[in-house]
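Below is one structure. I have some questions about it.
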Ligand SMILES: *Cc1c(COP(=O)(O)O)cnc(C)c1O
C-alpha cells in the first residue's frame, strides 16, 4: 500500500518523543522499582532520539538526492544556530556544575562543542550536523543503499562501545580500539556511529514511500519491541552496558514505528514541531527550576523524592513553557493576509503546461531559455525560475545584473544570461554569481577582457534591429572579439524586430535578419572559431517561425501563457494564462443621479447608481487610462467608472445582485464563466501585455497555486 504524501502522525509523535526524552533525564518510575525505571528510561525512551533523526532523514532525502547543497547547508546552519543558542542557555549550569575548570578546560570544551555537546542532551545538534555531512558525502559516491550498509557497519562499531561494551572489553585489540575512541569522545552515541543509520532509514522510507498493511507493521513492531526490551534487560542483567543508547533491536523497532506513524492519520503542525524542539532544548533547565523551587519551599518530599510527580512537574512545566514560546514565535511571524487588499495569483500548473506546449513546438535539439527579466514579467522571478528548474529548465535570461544576482542568491541553478549592459565597474559580480554577460560590441568586449578574470559571455549580433550588438557584417570586429583571451564565449545570438507580424514585408525583413545571422555564423565557423550556442527567436519567433533550428528559443511572454496582443500566429497553440490580478470591494455606495464620481468630475451619474470602491489603483500597476474597462464580481462584468485613483478605483455594480464589502474583484483572470485577459486589458490601455505586466507594482502580494510536488 502506498503511503500518503503527508506526514501522518509524525508531528504528534514528536511531542511524545519529547516527553520520553524528559523521562530519560528524570527517571519517573524510580520510586516504583529500578527495573521498571530501566525499562522505561533506558530502553523505551531510547526511541525518541532515533525518531527525531529519522524525521530529519525523511524530509532531507529529496534535497540530498537532488544535490541541493544550499538547502542542506541552510538546514545545518539552522541547527548550528539552535545549538549556539542552547550552549549559551546552558552556560550558567555548566559553570555552576564546575565544567570547564582547570588548565586544559578548553580541550574539554572543544571536544564537547564538536562531539559530545556542552550539556548532556545537546550532543544531538553536533551529532545531527556531522551525521548529515557524512550521509551527504557518501550518498554522492555510493548511493543510498550502500550508504545505508555503511551506516549499519558504523552502528555496529557504536554498539560495542555502548550497550555491548562488556563483550568488546574481553578482546584486547578491540578494547584498545575503544580506548582510543573514548579518549576523544565520551560515548559512541554520536554523529559518526549512531546518527547515519537512522538518517538513512528515514531516507529509505521516503524513497520507497510504500509499505505493507498497518496490521503487518503493527505486528512486526510489537515483535521487535518485545525483543528490544528483552535485549535491554539481558544486557543489563549481565552488566555489559557502558551506556544504553544503542541496541540491535532498536533498528527494526524504529523502522516499523516510523511506518506505522506515517500510516496513522494526523495533521502536520508547525506548532507541535516547535513545541517538541523547545521542550527538548529547555527541559534540563526546568529540572533545575523544579529542584530549586521544591528546595525553597521545603517540598522535596513531594516534588523530588516522588520520582513520578517530579517527572510530571518537569514535563508540564517544559510543555507550558514551550507552548508559550512557540506561541510567541508564531505571533512574531504572523503577517497580514496576502489576499486582504490586492494581489496576484500565479498558477504554477498553467506555467508547467505552457512549458510542455512550447516544448512540443520546438524542433528536436532546441531547448527553452526562460526569459525571467522584469520580475518574470510581473510573475515573481525567483518563484518562477525555481519552478522552472524543477521542470528541467536550466537556462535563463534576465535584463540586468541585479536580476541575475537575485536569482543566484535564491539558489536558481543553470546558466543565467544577462541580456543587457552591465557597467564594467561591476563585472566582478558577474564572476561571483556565475552569470553570463552579453557582449554588446567590440569596445565593450575589450573593456571586459582587460580585467583578465575569465568571464562567461555570449556575443550579441545586430542583424537589423539596431539596438545592442555587433553589426553582423563587421566581420573583422567580430573576429577581434573572439581573440579576447579572457572571454569564454559560450554562444552567439541575435534578436528579431518584427517576428510578431505576418505582413509580407515584415516576414521578408525577418527572413533577412535570419539570413544575416546564418551567414555570419557560417563565416565564423569557416574561421575555425568556436561559436557555442545559437539563438535568435523569442516567443513570436517560435510561434511564427517554428521550423528554425537553433540551440535555444528565448521564450518570455508565451511562457506566461499570453501573447503581446491579440495577434494571429502561425502555430495555433492553447497557452494557459498564468497570472490573475484580484482585489476587494472596500465599500458599496448608493449615488443619486446628477452626481460626479472620482477625481475631476469626469463621470456623471444618470440615474440612481450603486457603486463599489475597489482596493487597487495605478500605484499597483493598473494603467490610469483603463478607465473604460471593466472588472468581474460574482462572475459578472462591472464597468470601471470615473478616473482610476492611485490606490482605488470605482465600479458600477447597479446591475449586480448583492455586492458586499470584502467581495473579491477580478481585474485580470477568470471568475465563473467570465474571463478578462491580459491582452484585453493591454489593448484597452493602448499597450502590450509585456508592458502591462512588467509594470505591476511592488505593493501587490503574490499567491502561488499548484506548486510542483516531488
Ligand atoms: C525580452 C526579450 C526576449 C523575450 O521576448 P518575448 O517576446 O517576451 O518572448 C528575448 N530576447 C531578448 C533579447 C529580449 O530582450
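For all residues, glycine too, the Cβ spot is worked out from N, Cα and C.
Automated prediction, rather than curation, is the source of TrEMBL annotations.
Note that the structure is predicted; figures quoted are calculated from it, not measured.
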In TrEMBL, which of 15-35, 309-329 is tagged transmembrane segment?
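The range carrying the transmembrane segment annotation in TrEMBL is 309-329.
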Quick check for the class: what is the C-alpha distance, in angstrom and rounded, between residue 646 (substrate binding site) and residue 599 (active site, proton acceptor)?
11
Would you mind pulling the DSSP three-state label for residue 467 (substrate binding site)?
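DSSP assigns residue 467 (substrate binding site) to coil.
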Tell me the Cβ contacts of residue 373 (active site, proton acceptor) under 8 Å, same chain only and six or more apart in sequence, or just say none.
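Counting only residues 6 or more apart in sequence, the Cβ neighbours of residue 373 (active site, proton acceptor) under 8 Å are 381, 397, 398, 399, 400, 403, 419, 556, 694.
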Can you see whether the transmembrane segment (218-235) and the transmembrane segment (187-206) are touching - at least 3 CB pairs under 8 angstroms, only pairs 6 or more apart in sequence?
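No, the transmembrane segment (218-235) and the transmembrane segment (187-206) are not in contact.
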At a C-beta cut-off of under 8 Å, are there same-chain residues at least 6 beyond the transmembrane segment (247-266) that contact it? List them, or none.
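Same-chain contacts beyond the flanks: 3-4, 7-13, 43, 46-47, 50-51, 54, 58, 152, 155, 159, 163, 197-198, 201-202, 205, 211, 214, 217-218, 220-221, 224-225, 227-228, 231-232, 235.
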What stretch of 43-61, 81-100, 146-167, 187-206, 309-329 shows the most Cβ pairs under 8 Å to the transmembrane segment (120-139)?
187-206
